[in-house]
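Undergrad: Below is a structure I'd like to ask you about.
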């Protein structure tokens, strides 16, 4: 296949997470377990928030959407990865690859911005508690959510536009377990410095802007907490933010490690390991962290279970 007839490219071959046959089945069951916990945890947390009226406040409104995003982009990627562990040749069609890539970008960008919206919510709750109800009104929460998903659309469209102008040469072997921008760039016969620059700019907007927002929010939060006179009050404030800080560290740490370094510094094989964290580990841990470390969620779970048992 030459560059002149690249329009005939109809499929890609994914190398998967590992090329060692003896690891395929153990990895299949490992990531199947991750996926089951991810689906059960996130759908369970969404159901819990929906059924308990005392959780219908901004903090849990954003947490509901975080769980929806985690469930969605895990479902976008994991089933195909699981098929790759048990298939002799892990093939994905061109249309399927582009579709997976679009929704992956959409949900990852959305997660970045929902985490920054949650940081802003915690900032208002701790630093401006007297005006919290007014500042985080339903209208404001809806506008923030529209911004979250709007940035998701922006990230997906920008990356897709970058991919769609490329042509692919004879090699259709994608060195990844999913369709991602960097391994696809490596296959293109007309990718250039401009394409890499676009990737860097779009990823910087997707990761950099939320990180700055989160750092500013937690800077104000830390300043406020240090001025709380009682140790109990400080402990309660830290406890409120701890789950979110852990999730942010895992998600943005692994994402920045993968995308904000040149491929020459971070080989793709190491990048695949890094991407496991934000595609499989983070979506699985989010509901666990917010459930085990959140008093309101544990109370809601006990009430829901009591109602089910009683009925």
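Each Cβ is built from the backbone N, Cα and C atoms, and glycine gets one as well.
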Undergrad: Which range is it, out of 5-26, 27-48, that shows up in TrEMBL as transmembrane segment?
TA: 27-48
Undergrad: Verify whether three or more Cβ pairs under 8 angstroms connect the transmembrane segment (130-158) with the transmembrane segment (27-48), leaving out any pair fewer than 6 apart in sequence.
TA: no
Undergrad: Of the stretches 60-79, 130-158, 193-226, which racks up the most C-beta pairs under 8 Å with the transmembrane segment (91-109)?
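TA: Result: 130-158.
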Undergrad: Six or more residues out from either end of the transmembrane segment (130-158), which same-chain residues have a Cβ under 8 Å from its Cβ atoms?
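TA: Residues 58, 61-62, 65, 102-103, 105-110, 112-114, 117, 120-121, 124, 198, 202, 205-206.
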Undergrad: By Cβ distance under 8 Å, which residues at least 6 away from the ends of the transmembrane segment (60-79) in the same chain are close to it?
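TA: Apart from its flanks, the transmembrane segment (60-79) reaches 31, 34-35, 38-39, 41-43, 45-46, 49-50, 100, 103-104, 107-108, 110-111, 114-115, 117-118, 121, 141, 144-145, 148, 177-178, 279-280, 282-284, 286-287, 290, 296.
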